[in-house]
Every structure is written in C-alpha cells, then in structure tokens.
Amino acid sequence: MSSPLAPARPTRLSLAVRDSSTMLRRNLLHARRYPSLTLNLLLTPIVLLLLFVYVFGDVMSAGIGGGGADRSEYIAYLVPGILLMTIGGTLIGTAVSVSMDMTEGITARFRTMAIHRGSVLIGHVIGSVLQSIISVVLVGAVGVAIGFRSTDATVLEWLAAFGLLALFALAFTWIAVGMGMVSPSAEAASNNALPLVFLPLISSAFVPVDAMPGWFQPIAEYQPFTPAIETLRGLLLGTEIGNNWWITIVWCLGLAALGYRWSKAVFDRDPK
Amino acid sequence: MPSSVMPTSRRGDGPQPPAAVSTIGLRKSYGDKTVLDGIDLRIPAGTVFALLGPNGAGKTTAVKILSTLVTADGGQAQVAGHDVATSPDGVRAAIGVTGQFSAVDGLITGEENMLLMADLHHLSKHEGRQVSAELLERFDLTEAAKKPASTYSGGMKRRLDIAMTLVGNPRIIFLDEPTTGLDPRSRHTMWQIIRELVSDGVTVFLTTQYLEEADELADRIAVLNDGKIAAEGTADELKRLIPGGHVRLRFTDPDAYRSAASALREATRDDETLALQIPSDGSQRELRSLLDWLDSIGVEADELTMHSPDLDDVFFALTGGADRTDKKGEAVR
C-alpha cells in the first residue's frame, strides 16, 4: 500500500479544496441514493403555491395592487416568495442530515483523520446549497407551468436574482448546519429548523406587509425573508426594490458569518 | 486484596525501543466525574497493548484522547512522536482508529466507504481502487461490496470498519473493544485479523473487557479501574500477582462434606454449596496425595475441579474481588 501522504506535501488550501470536494461527493451520493427527504421537502412549497393560487387565489388577489388584481397577477406576486420558501424547506433537510451525521461514528472517524478539519461542514454546506438551487429550479418550473412570467427582466437581473437565491441559501444553510450540530437527534433537528419554514409565512410572501396589523408590520418588514422577497420581485417583475437589496445582503452576510462561527465552534468542541 | 497494586513492569533494562504511545499523568474528567486519574503508559512500537477494564473504567476515554478525538484535562500524551495536544494532525497522519461504535457510513456501499477513505488519504483513483479491492478481499467483503453498509451484519460492519482504518496504512492502530457484540466466530476472525496486523509491524492499542482476549493478543496488559492503572505487565506477570490455584471438591451428601471439611484443615469451606477449596499448584503429585488422603478417610467427592489462576482472578482481585463469583458468570460468554 502507498504512504498516506503524497510525496509533495499539499498546501492547506489544496487540502481544503480536495477534502471538501470529497465530502461534497459523499453528501451528493446520499442525496442521490435517498432522494425521498429532498422530494418531501419540495412538496410543501409546491402545495402551498397551488393552494394559494387555485383555492385562495380569488380572495388573495383581491388584497394586492389596491384590489381588483386577477389571478395571474397574484401568481406573479406569490412565486418569488415561494422560491425563497423552498430554500427554507431544504434547510430542514440540511439540519436533519447534519444532526444524523454528527451522531454517526463516521464523523468521529473523520475527526481522527489528517484531513482538512472544516471539510466535513463545507461538504454539507455546498451540497445543501446545490440542493436548494435545484429545488428552486424545480419549484420555479412549476410556477412557470401555472403561468408565472418574468416579463421585463434583463439577463443581468436574472443573474442577480440567481445570485440572490444562492447567497440566501448559503447564509441560511450555515444557520441550519449549526442547528443540526446542536440537535441531539434528527427529530430535534427538524423541530429546531422549523422557524426557517415559518418565517416566510410572516413575510410579504403571501400578502403585502401593509395589509398586516400595524404592530406586526416592523417584524414582517425587517425579518430576512421580506427584503429578499421584495428584491427578487423587483429583479424578476420590475417592482420597486428601494433599500431592500442591501438589507438582504447585510442579513445574508451577517447570518452566514454567524452560522459559520457557530457551526465551527460546535464542531471544534470535544464530542460527547 | 487492595485495589492499588504496584505496576509489575520492569523499567530501565538497557536501551528501550522507541515508544509508539506514551503518556504521563493523563487526566480527564466530565463534570464532577473523574474518568482518568493520572495514567502513565509506555507502549513500544510493534507491540500489542491491551487496556483491560470493566465498563466505565475509562478505556474509551483513553482511546479518545490518544486518537485526538477529545482533549485531556491534564498530563501529556505522545503518539508516534507527536504530542496529541500540540500536533494533533501529526498524530492523525500516523494512526488508524476503530471505535466501539461502527464508524462506517451506512447510507453508502462498503466499496464506496473504502473509496471515500482512499480519497481522504489522497490516493490516486487507480491506487484507491486497488487498495480498496485488496482490503475488501482480505476482509471477505468482496461479495457484499456493492450493498449499503447499513445492511451488513455486526461482524461484517466491524470488518469493514477495520478495512477502512487500514486504507491509509497507519503505523499505530487503536481498537476500542473490537469484539464486543460479535458472535464467537466473528470474534476469532477479528483476533486473526489483529494478529496479522502485528505481523506487519503495526502497533496495536486495544481495549477490552475480556481477559481471555487480552491474554490471547496482547504483549502487555494494563488493568484500568476507576480511572487508574491498577496493574501493568505481561499476562504471566499479572497472573503471578495473585495467589496460586486450587482444587475444588463438591459434595451432595452433607455428612461426607462435613467429614471431609474436618479432615482437610487447610480447605476453605463453602457451606452453602457444600464445596471445599484446597490450595494446590495443580501438580500430579499434589493431586495424588489429595486423592489418597480422601480415600484414606473414606470420603468421595461428587465433583472435583482444578482451578489454575487466570487473568480473571487478577482482574477481579484488582478491581474489587468481593463479588468474584457473580462477575465470573458474566465474564464467561
């Protein structure tokens, strides 16, 4: 057998890239072998999309655009929020799979190997962001199938929208990884990550913030989902973005930094 | 017998071979509970060392510290010449660890587990496939290679676990209770595997609660009890720590028991089971004189058993011997 280290000692960065991509392959293999978790999580946003459009659609559309909007306008209003909600859903999967992984012996094995220490988490994060993006594309396709059209978005705006979704997914994935790490079981992880699915319900995803009770409006307006949804709407539909874009970026960078530090601190702690 | 017996290891006889593992005053507590209370070890390279102790003695904690999984509260530990606290990656590059709970990825196949290890050891694709195929073959897993590891039996999982540990060709291998929960056949297979490792020049640090296992495999044994090393030495050295063997006579007739007991003054009486224990070194001469003596007083025992001291005696003597007979039942599997 060969020696464990290649003759030329790899640099720290190349070690990080190599080990992280190995871990990423492992996580993608899991997702491919056991797609049911991912698919189940996709069901929620799709059902909500269909429910709000076809069941509540007439009532809901009366509440936007000063009343008198038709159903297709409500689809346009709803889809950006549903896309971000899709990311919220895949985060449950992230938290669950991280918590399962941390309680498995295989993670203890990784900790005793001379590999890049962060690669276990980085593999989870990148795998989860990729899954989020695929989920967003699938849910977006359902949206397009029922009549969502982005009429006046330029290529640049499409790229910005894509970047926004990816950044949002990255930030919240780090938070979900932290949640998974501190959860003693898969059930606990699923419960801990539940707020990430509820948050979009109290955002501007389904109804405009100014249709909510006055005391509640600041909460709905400044929580991370609303500015992200408004920015996405602006990019895809040409509505007013205002200062939502930088609020979103600040939220995402802040949450990513927080989630990263949190996850790393928990991972560096001695396992039980 | 007191539970703190002086270590029997002889030190300082000529130049020592390089130590694969050495610790000085290693300590660890979880909350109020002291798990390791000053452990000194020195394990020469290329030997098998067994850390023997009951559940909760601190064996797993010792392995976790030496394999860089947890940090010690105090003391020093060097593995393969690297300090576990200051140079954990140096330690990690030299060791392989098979923990008590299987460290395989159950969601992917045995072969994928092996290739994962090959990738993490930065073997080339070709090399990785070759090493993985060789090890799967060696551990009799080729047939199951394409099945998810979660479908494996306990013995197969353990073999896959060790095969994964060997991918990086480690010089020092930690095996935490490698045979716990295995059926007798798998246990013997595991012993064979461990013996083969040693013949390759690997240093093996194993923990076990089975004395038989330590006796079978280890060059040196340390008995860990309550976070302290109660004794250390070769199996023979440990056996010499406790008094010799005995002959046990069991009777069904109380009268015969009583007359034998009064005739054999040096015997230890067990009135409940009508049994006598007579100290004996187990030699033919001593045995014959005992039998002659029984004949001469006209007593016939219903059962005669020889008992030579084994590691069980040492173990129970060192780890609180009062309830030896209870524990003996447990230890016999």
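Please read every residue number as a count from 1 along the shown chain.
Note: Cβ is positioned from N, Cα and C throughout, glycine not excepted.
As annotated by TrEMBL, transmembrane segment applies to A:34-54, A:74-99, A:120-146, A:158-182, A:194-216, A:245-263. Per TrEMBL, domain 'ABC transmembrane type-2' is recorded for A:36-270.
Contacts between the transmembrane segment (A:158-182) and the transmembrane segment (A:74-99): present, as 3 or more C-beta pairs lie under 8 angstroms, all at sequence separation of six or more. Nonlocal intrachain contacts for the transmembrane segment (A:34-54), taken as residues 6+ away from its ends with a CB within less than 8 angstroms of a stretch CB, comprise 60, 71, 74-75, 78-79, 82-83, 85-86, 89-90, 92-93, 96-97, 131, 135, 138-139, 142-143, 146, 197, 206. Long-range contacts of the transmembrane segment (A:194-216) within the same chain: residues 44, 52, 60, 63-64, 78, 80-82, 84-85, 88-89, 91-92, 172, 175-176, 223-226, 229-230, each at least 6 residues beyond the stretch ends and with a Cβ under 8 Å from a Cβ of the stretch.
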